[in-house]
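Have a look at the structure below before the remarks.
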């Protein structure tokens, strides 16, 4: 494991890394790392200096001024050209110092005003070159060029590069036109290109790294935001799935339990309403027992599913069991007629929904129109399955043609709140004369089953009859 860099221990990098110009892989250490190259060491020292607060623009400008004064004092300057006035030639050192002071002072605000500082240092460098030239003033121009190229806009940086190129070419051509040998013109071109091109290239490299780092940070932020969005979407999906599962369980509980128990309650109430009859009472008790056993059986199947024991789950009820359903209804005293053959080879979801809709419709007929003949029609036309259950409405519970609030006896369409009338209605307590366990949710459950498959459902009076009609697509999306 590579140790983290500290002020007393140089940072290590993996072999083969090339972080910038001048980097070179050094000897491999025992831990598999290499020493930093001079470029990385210089960058690291500069970063540490900025972090510690003892290196800023004022310190850099003062350092350049002191170094420049030392160089001028040592005579590290070019001699002035002979065509200058004597007063300039005699005091060339003072002119070098004055121009260096101006350029160094301007560098104090180079980050806040990079273009203005570049203009000032360029003028100072031009005047200094005219009187011979000094290294310190050239270094000031070098620093100003780097800072300007680093901080100005991309378009301005292009214009700056173009200007520098034109000036370098112009100076070389001017020397050539003035009569200098071509060798000197080419040498001036190469020296100027290296001197003024280096800060521009360096600034471009640093700026490119900063832009790449910013782009990487932006991509990381987008990735985090995307991950957060995916997590929120997954949470919403889980909540939606939970709501759908609860609704499905409510429908199944209503169908498999309330239907059977309602049939048992209706049969028991019918037996209690008549005179004592041992044979009839035993038949009623047998019907009640069969209904409760069926309810317990289906409840047990649901519990098995909820516990995850899928190996013990039986196939869900479908239209193949419609004959058993009709036989049970007839045994309970209902008059049920099934028209035509029942379609087969249906998708499991459609088959199950159609069976449950017929089951609930027959239960409603037994509750609200006891003794009435129920006519069941299940027909497939192309990719559509029509389920229709019709029964005549008893005269005592008929409503006006425009009242479609619910079936006779008061169960509202889709759980509505229309007026309730009919024998056995208790005024809204949720329990009708048959011990009503449905509480008006039967039609709502049938509607939910149909719409869950992309179909439609309606129930209401049609003349002297009450019709429950479900339209189910055979191809479920």
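Yeah, the Cβs are placed from backbone N, Cα and C, and that goes for glycine too.
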Check your understanding: Looking at 1-32, 33-64, which one is region 'Disordered' according to TrEMBL?
Key -> 1-32
Study note, to complete from the structure: The residue range that TrEMBL labels transmembrane segment, out of 160-178, 217-235, is 160-178
Point to revise | Long-range Cβ neighbours of the transmembrane segment (185-203) (under 8 Å; 6 or more residues past either end) | key: 138, 141-143, 145-150, 157, 160-161, 164, 167-169, 171-173, 175-176
